[in-house]
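Feature list (source: TrEMBL):
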type	residues	note
BINDING	D:R87, D:G125, D:T126, D:R127	phosphate binding site
DOMAIN	D:11-141	domain 'Exoribonuclease phosphorolytic'
DOMAIN	D:160-224	domain 'Exoribonuclease phosphorolytic'
There are 6 protein chains.
Amino acid sequence: MQRPSGRLPNELRPITITRHYTKHAEGSVLVEFGDTKVLCNASVVPGVPPFLRGQGQGWLTAEYGMLPRSTGSRMGREAARGKQGGRTVEIQRLIGRSLRAAVDLKQLGENTIHIDCDVIQADGGTRTASITGAWVALADAIAHLEANQLVNGKPMLRAIASVSVGIYQGEPVLDLDYPEDSNADTDMNVVIADDGGMIEVQGTAEAEPFTEEQFSAMLKLAKDGIAELNRLQKAALER
Amino acid sequence: MQRPSGRLPNELRPITITRHYTKHAEGSVLVEFGDTKVLCNASVVPGVPPFLRGQGQGWLTAEYGMLPRSTGSRMGREAARGKQGGRTVEIQRLIGRSLRAAVDLKQLGENTIHIDCDVIQADGGTRTASITGAWVALADAIAHLEANQLVNGKPMLRAIASVSVGIYQGEPVLDLDYPEDSNADTDMNVVIADDGGMIEVQGTAEAEPFTEEQFSAMLKLAKDGIAELNRLQKAALER
Amino acid sequence: MQRPSGRLPNELRPITITRHYTKHAEGSVLVEFGDTKVLCNASVVPGVPPFLRGQGQGWLTAEYGMLPRSTGSRMGREAARGKQGGRTVEIQRLIGRSLRAAVDLKQLGENTIHIDCDVIQADGGTRTASITGAWVALADAIAHLEANQLVNGKPMLRAIASVSVGIYQGEPVLDLDYPEDSNADTDMNVVIADDGGMIEVQGTAEAEPFTEEQFSAMLKLAKDGIAELNRLQKAALER
Amino acid sequence: MQRPSGRLPNELRPITITRHYTKHAEGSVLVEFGDTKVLCNASVVPGVPPFLRGQGQGWLTAEYGMLPRSTGSRMGREAARGKQGGRTVEIQRLIGRSLRAAVDLKQLGENTIHIDCDVIQADGGTRTASITGAWVALADAIAHLEANQLVNGKPMLRAIASVSVGIYQGEPVLDLDYPEDSNADTDMNVVIADDGGMIEVQGTAEAEPFTEEQFSAMLKLAKDGIAELNRLQKAALER
Amino acid sequence: MQRPSGRLPNELRPITITRHYTKHAEGSVLVEFGDTKVLCNASVVPGVPPFLRGQGQGWLTAEYGMLPRSTGSRMGREAARGKQGGRTVEIQRLIGRSLRAAVDLKQLGENTIHIDCDVIQADGGTRTASITGAWVALADAIAHLEANQLVNGKPMLRAIASVSVGIYQGEPVLDLDYPEDSNADTDMNVVIADDGGMIEVQGTAEAEPFTEEQFSAMLKLAKDGIAELNRLQKAALER
Amino acid sequence: MQRPSGRLPNELRPITITRHYTKHAEGSVLVEFGDTKVLCNASVVPGVPPFLRGQGQGWLTAEYGMLPRSTGSRMGREAARGKQGGRTVEIQRLIGRSLRAAVDLKQLGENTIHIDCDVIQADGGTRTASITGAWVALADAIAHLEANQLVNGKPMLRAIASVSVGIYQGEPVLDLDYPEDSNADTDMNVVIADDGGMIEVQGTAEAEPFTEEQFSAMLKLAKDGIAELNRLQKAALER
């Protein structure tokens, strides 16, 4: 089996994490997994949604979008069609759920953190790149809250990162790019914390069902890949 | 650990599968997992969506809804609000993807099967009950196509069923009802075929991350539960 | 003239009224007029819409929907299309107006009763079955309010029921089923109280205008049919 | 009983029917029932909706709207809110159904007549004024089709007109204006053809149920009022 | 160069300004520029939008619509399509911005003036006619506020009016009608105050770019035309 | 008068034009006017909208959006709200109209060019930066069409660029940034071709009306600024 990119089965694409990418957001990160480029902004907004008011805790929510020509052929703009598509909704719920697992909402005070992941260029794995980059933006936003004494405690519970794995031509591979993703038998997105705790596992058989052995092999790849991503996240935060 | 229902950790709720529940649909099943009741209709409609026209193959798509008072407190009606919520979209995409894995679309001819899963009464596990019941409705709809010689081959590839598993008070349990689901640490929905092939695995940490050991224990419970559901599906089809 | 069902011109279909059909709603009734089956849930929600706030009175509102495959050929799901159709809007306004005529809103306190009529299976006359069944669900919901001392007075003013009448092949007939309804010259929906007071009369010429004599004959059929429905409603409440 | 306007119980408001009110529409009528002023345009558009294509027959459809400040206090603009209200939908369905009863769609050829009733100033009875005025606009549009030999036969079957009646302070009255309408016990809208054939009867108890005697008295008033409206329609067409 | 209407290059169409056109609005003007007829209603509503609350100042906002058959061929009704078109949005923003330049919002108190411009019949120049007519309606609405002592100061700052100019067959012309507008090389809408102060200039090259000389010539025509419109506005207010 | 940025009244911000910014679009430009950064993608899509089909000519259309945190405080995402705001609609119409003036649609063949301008970071002047950058993306897209022999003639008619000018503290200034824009008395957006032909002039009095002298001074600044922008566009295309 030869991957289209020539990578080894357990090899990530080149990863770049650029902080302070835009000037307005409290956390702003451009994350690149090879040719996949996502701008992840974390915005701090005072107040919480109605269902949480008066409970002294915070909230985190995420939205995801693709620029119309982030893809090989132009997609219709969701704002113009008046509706977010089902895939968009599914992805932004995953991002929000994953990042909420990284923070202690009770320590946030009555603040809401809005995560916006906007895909500038897509080449497979936009949702996992989004989660990985957004966690760094979130860390900067929480540091901003702490530096301005807008929170008392330590809202950040753990680092999380995410990567996709799959079965490509019968073999488990890490971090699928678009040519692999569009031909994979199975596609799995995994979110894991830096202490190895599992946050999300979403495996989908695209053509053929997968076996438990394949599942275990994919999970192993994901764990190693995410450990590397955790290192890159921390290095970025130390710069 | 005592489950609120008094069930054993590996015990399903009482399962009922009633075929021919309504008279118009080609497949019509009321599925009950304890107090969770979902009407699953499979409708055969000639023709396929534009992106498949002229390719000689069929399509399967699914929609999901909850009646406004299927739940403990009344939810707004999505038709009146003019929008399906994010959870609805996520669930109906899962149902459609899972059932497409059960059929050979090439053998369907240019027909579309619409699966409608409407929750009459909710008590946890509506998405897994939907998939389990909808597969039986799908089997009836395909039998209808075959009996009327509207397809040449054998579109049904395999039986699939689905169940939820989770970590409740630190222990893995099968088929969570609402009191368990709303207090679980981890919630996982699994779709498996009758030959053991895995179709979908969606595990989510609600409060604390889960470990690989917990993951394996949950998966084991799910496999056994689904094997029992497969037997019940087949028994229903033989009646 | 022979009715497709073989019924006499003044003969109702078999009527079934099943209370406590689902477990969450304060009133929950499955009503069947022959093959027409509608689930009518009455939900008590504290509070009233903004235009009534602070006046010490209550409100009642109704919504209606058809499951996509309640009909012979599948209809698009209104929640997915993002809009309720004109027929739906017209029917739910009729249901709400009719049931408001049955209650003394001033005696309800600042509570809102939401009536949800969802058609499980359609065979003509869904709006009249909805009103007839929803009144029983409403009676249970009001009994719940009284039993829990959430109201002071007696909000229920009168029993109401509804039936359709029409001119089929030149002759007035009671309680049209779908084969009759789709070929009728005139279709009339009538809502009458148990003391004979008229609440709603909606007669529509489908093909030919109707005469006053025909109108009177239809009204006579409706009155007798509704008297029988009132008896069945009360019998159901006594069970 | 004294009517707020000083009219007799069986007295219409001053009625004005102005043809050719705007220059573009094939039929354009400003109809005034006292201070209620509605612009009724009938537009001929070649072609029919998809469900009628290829059957050689035509179609008629109606839309209704109120200018935001046609009423005593300003209403939100439906185009800005992105949705037609329930009352609007109910009224435009009534207008369309009533006018379709006036024409033989088979004689129209594959043409669609769009009726637009836009309320310039409201003072009660806008739906009945709309039907009455729109029939005259329709007559002009059909005359246009005939003059240009776009139809073979005679599409117009009959003249129709409409008026409201009600029970005001216990007494039946004809053609309610806003002060009466907002205090009436019963409100009934009637559409009748010039040969006395009944097209639509929609009676609604607002506060108290009404009796058959009241119903008959209201119907009698409506018949006489409509006969007068028919005379005014024909006089307008002869000018 | 011969204008289709036979007018001189610097000649306005016949202008009519009819006040008190409808009875409910605080200001109600039918403005006619030749065959272009727009009903401009100004409604006073207590209160301001959330972003201005508690600041003691008022607001003015405008909406614009065309009746579906105000034009040569029928346009779809925006309320039925569920969306205002881009041209509508652009025009109503221009109307609102222009009229806000005529008033001192600080002198309005916490009141909102809603301007509704609804095109009854279109023949070119509907936006400039709207602004010209709406200013007169606004003057009446402000007089109403002053007469009822709902404002302290003098909210009206200046009179404004608007006209279109363009390059038609190479020559600058004033107040284009539809036959000119649809063939013009350049179209420019100008809003000027009665002291000559410029409020809005919107010039658009339709086919060929325009030169500064053409621009100056058009602006000169606009200034003279608007001076005449100011005279007509004031004459209308004195009647 | 001191500009907040310390620039001279006739001084542009630092301008950067980066071609081939993303890999999928036929033309992809990141344009920066100081801290304002807009990604302008030009996509070639075969075919034209229905109203142009069969006429052998092409079309160009534009859409505009701001990323939610491109601004100082987070704005709601238009895709999530289900509607593009009025400002967005106004701007994308201006961009499309301006760029259509740059091309000969008849020479494009039946192709549509979609321009997408997405604001990554906003600091005033996003619409003029969009037009200036999008023209370069358009030039690349047309070169792509020519290189692939998808067009016969030379669709590009002229270079265009755009800049804002305004009256800030009583003085005309070029290329307003956000601190100036939010305090300007007058704001004017100008689009001019490289031969000096004027394409669009949109001047708006924000607080006080402006005089013809001010208008002329602003126009002079805009012409000089645009000449400089034209040079930068051409330099970028030669790199």
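Here the Cβ of each residue, glycine as well, is placed from N, Cα and C on the backbone.
For the recorded phosphate site, residues D:R87, D:G125, D:T126, D:R127 set the reference point as the centre of their Cβ atoms, and the other residues of that chain within 8 Å of it by Cβ are D:Y64, D:I91, D:V119, D:A122, D:G124, D:T128, D:A129, D:S130. In this structure, D:R87 is the one among the binding-site residues D:R87, D:G125, D:T126, D:R127 with the smallest number of other Cβ atoms inside 10 Å of its Cβ. The helix, strand and coil residue counts that DSSP assigns across the domain 'Exoribonuclease phosphorolytic' (D:11-141) are 42 helix, 43 strand, 46 coil. In this entry, phosphate is bound by D:R87, D:G125, D:T126, D:R127, whose most widely separated C-alpha atoms sit 13 angstrom apart. Across the domain 'Exoribonuclease phosphorolytic' (D:160-224), the DSSP tally of helix, strand and coil residues reads 17 helix, 30 strand, 18 coil. In the predicted model, residues of the domain 'Exoribonuclease phosphorolytic' (D:160-224) average a pLDDT of 95.
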